[in-house]
């Protein structure tokens, strides 16, 4: 670099101020949406603060736009209030489309919060013990309501599993929005996307358990699980759009992006099943994915820039 060459901020001393103002406006807008989501959920701010792991002072600063919500905090708010992270961020993201059956705006229905709590309890129990081993009474006890209250919201255990599956889809969608929103580089975004969808952390393993059970049920005749295929297609479109971005910018290999997407998502599915069944460990899963990306998708010059391959960063989101 020529010693006389100046940076953008030196050429334009107002650029840094403009960027700071833009971030401030973005933080304020997000704070207003979080405040609205909390208000409509009927939950107290102290309960939201506890749910996302910060004190009320930090939450108040974030609500007023004086500090930015972290990715984990946005995930916590979205989970507690039932909205999507995409809505909290103003519907701007790198992810293709919202999953079905999730609130894109805050739900003010007084039934929404207990119903959501029941679905979360069902998700946890089904993920740990399996559909057949969990009773309605178990879900009622875990969610702090009576068995008749469960039946007020859900006709039967199959309906509860459907709700748990929808909850899994929402968790994955929100995590993608929160962690991918500011990653512009397609190679880094694809690598992070694959990590977010891998069974590396506690939450992700719970999601995979639900998905595996859904796959098994869908393989049987008479399955009523109709929501999963559109959700999987949405995930595939997110991967495909990232591959297309990488091809346009010249950091990914040429080829049919749909075929490349099918191969990559199928590989992740198979590796994920091996991890969940104890056949493979998570480090080997990460190694196999990284090796495949280098052979089939990334151009050689791109692999030098995608070195964040440890599982530790992902576990921050769990």
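A Cβ is built for glycine as well, from the same backbone N, Cα and C atoms used for every other residue.
Within the same chain, residues 111, 114-115, 117-118, 120-122, 124-125, 160, 163 sit at least 6 positions outside the DNA-binding region (135-154) and bring their C-beta atoms closer than 8 Å to a C-beta of that stretch. Marked as DNA-binding region by TrEMBL: 135-154.
According to TrEMBL, the compositional bias 'Basic and acidic residues' annotation covers 11-26.
Annotated domain 'HTH cro/C1-type' per TrEMBL: 34-88, in sequence order. The residues of the domain 'HTH cro/C1-type' (34-88), classed with DSSP into helix (H, G, I), strand (E, B) and coil, number 39 helix, 1 strand, 15 coil.
Among the features that TrEMBL reports, domain 'HTH tetR-type' is placed at 112-172.
According to TrEMBL, the feature region 'Disordered' maps to 1-33 (among others).
As annotated by TrEMBL, region 'Disordered' applies to 91-113 (among others).
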*Restricting to the domain 'HTH tetR-type' (112-172), report the mean pLDDT as a whole number.*
94
